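Taken from TrEMBL as is:
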type: BINDING; residues: B:G25, B:P26, B:V27, B:G28, B:S29, B:G30, B:K31, B:T32; note: GTP binding site
type: COMPBIAS; residues: B:1-16; note: compositional bias 'Basic and acidic residues'
type: DOMAIN; residues: B:22-191; note: domain 'CobW/HypB/UreG nucleotide-binding'
type: REGION; residues: B:1-22; note: region 'Disordered'
Amino acid sequence: MHARAALATALVAGRTSIPVLRSAPPLTLRQTGPHSVHLISTAAGPLGGDRLELDLDVAPGTTLELGSVASTLVLPGPGESRTLITARVGAGATLRFTPEPTVLAAGCAHRIEVGLTLASDARVLWREEIVFGRYGEQPGRCHARFDATLDGRPLLRQEFTVGTPALDTSPAVYGDARCVGTTLIAGPVPLAEAVVADGVAVLPLAGPATLVSALALDAVALRTRLEWGESTASRGRPAGPV
Amino acid sequence: MSADHDDHHHAPDGHGRALRLGVGGPVGSGKTALVAALCRTLGPTLQLGVVTNDIYTTEDADFLRKAGVLDEDRILAVETGCCPHTAIRDDIAANLDAVETLENRFGPLHLVIVESGGDNLTATFSRGLADKQIFVLDVSGGDKVPRKGGPGVTTADLLVINKTDLAPLVGADLDVMAKDSAAVRGDRPVLFTSIRQDPTAAAVAAWVRDQVQSWLHQHH
Amino acid sequence: MNAAILLLTDSRLPAGGHAHSGGVEQAVTSGAVHDVPSLGSFLRGRLHTTGAVATALAAASCAFASGTADGPWAWDGLDAEVDARTASPAQRAASRVQGRLLLRVARRLWPSPVLEELAGAVPSPHHPLALGAAAHAAGAAPEDAALAAAYHAISGPATAAVRLLGLDPVAVHRLLADLSRELPTAPGERDLPPSAAPWADLPAHSAPALDVLAERHALAQVRLFVS
């Protein structure tokens, strides 16, 4: 299956409107608020061989919140499955991208590619969560690549690979964790120095952005840690106990 | 150590820079107390900087900062990765970097003191790091230490034997230590001191002041 | 391979490397690294994540220094590519300190315009930049720089673990011997970019556990190693 969904905002009379909302099953987009949209998966997968593309264009001065109603279960199939997400966030625009986790079922072979192109004063919160298999399941393979540029300069580039046990369990990589997640927060936050707690680090990047990086045994703990880190970044100090 | 240093690559011949004085010696011999005394005595007339090489913490740097003998920004601490002697002898890069950072930040300086982490009797400073070096022993280590020698005792530009006030208590014979030191050191000077009794370390400070003056005379 | 690369991979090169544990000290403190097998797992993970990034960037730096990587790029652009791949501020600082100290040594060992140019553009460059430029100044090729960077990613942490845990140094060198089969050894191998690859596409493998370890270490009251 090859699907290309797209979403674009526009500034109309000083307010955000969503003139482009093009679903492509299984990527179904539903507007759920004045500037919020949810992804509703209308088929299982992605399955091996699927190629799902989503393009987001957040126009200058507009706001978009994008979530999903359920986690994505990546399943095996003939060949590699791919999810490609591109997003452009214009000057003074705000994007909040907080989908449910991607779960790697046994035997899957998945690639995730995310490309974020930010204008210099764009504000973004972009969360990604990868769960290494369903409960008690050995995950398939996954290679995720994330590239964000700000005003044409590299802001964050990172790759995660899952599915090579000798690397996954390394105390330098994921250790005993079964999920990994990050939240990129671009735009000014009051946090000046890194903050670290159990399984989560809030990291001021070299550019004007902060990365929350978390590891956990399960998806619930991962979300708790990421949200703690997001809150810490926005308060500029540790947000209480994790 | 922060990463935001200026580009600083001084000429290795020492022209135009401060005298770099290494202070080494075993754990507990009084290196930090001596450095504090030198800052106290020389600080009012010389432009100083200090680099400490704590083994495990920044305790020595913190002690000096709390002692208030020197503006705390003029004291930098260098971590040595379990090997204090490596940091002053085989791989002096981090110490050189700290010294040059101080010179760039506060220069021109007259004197930068590099205090080594407490180590054994074989530890000496590389000539690439220290122009002159002081080795500090104390009497409680036993009066046989100078006789045993070792590169620190025999080759340091100045040997300081500290805590002389304890000599009667630990049964150390200062005359024996003086005689043995002279035997292994030849003409190189030895000073006996008790920093507890003389917090200015007057004699050592006078020696250091002479070294600084002759350095400045030769290199400026 | 150019023999000068031996100098750049030698732990006795006086460039401050002995004071960096690459996260091992904190991993030992936390108990995650406690014996030879757990050290082996740590080193393998490090080699294939941050090590792979350093390897690729060092090769790119060497290629750029040799003028074979043409393009509208400059040293600060390559430096920014390392920044973007190093989320942890403590790891960025450790990389810049080691880069600066290596550049200082290299400028005395192999005086060359390219090293002066790098020092002028980025006084405290990330370590892979300094390593790649130094390799070029020493007469080595990008694949040599890659090999040196990959080896550097595991040799320093291995030595630190020997000191911190009192491990049998021969057992730890056995780990390095085994891992050496996973080092890039020839052009075209995995993680070794062609010299003119756009820098944006170079590897960017993350190691979340290393990020946490690095920041914990920077906040530790008691530590033996800088990083």
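Glycine residues also receive a Cβ, built from the backbone N, Cα and C atoms like all the rest.
Features as recorded by TrEMBL, highlighted on the structure.
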{"residue": "B:G25", "record": "GTP binding site", "Cβ within 10 Å": "29"}
{"residue": "B:P26", "record": "GTP binding site", "Cβ within 10 Å": "19"}
{"residue": "B:V27", "record": "GTP binding site", "Cβ within 10 Å": "12"}
{"residue": "B:G28", "record": "GTP binding site", "Cβ within 10 Å": "14"}
{"residue": "B:S29", "record": "GTP binding site", "Cβ within 10 Å": "23"}
{"residue": "B:G30", "record": "GTP binding site", "Cβ within 10 Å": "24"}
{"residue": "B:K31", "record": "GTP binding site", "Cβ within 10 Å": "27"}
{"residue": "B:T32", "record": "GTP binding site", "Cβ within 10 Å": "23"}
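If you average pLDDT over the domain 'CobW/HypB/UreG nucleotide-binding' (B:22-191) in this model, you get 90. With a threshold of 8 Å between Cβ atoms, none of the binding-site residues B:V27, B:G28, B:S29, B:K31 neighbour chain C. Taken residue by residue with DSSP, B:G28 (GTP binding site) is part of neither helix nor strand, so it is coil.
The residues near the GTP site, meaning same-chain residues not in B:G25, B:P26, B:V27, B:G28, B:S29, B:G30, B:K31, B:T32 whose C-beta sits within 8 angstroms of the mean position of the site's C-beta atoms, are B:G118, B:V136, B:D138, B:N162, in sequence order.
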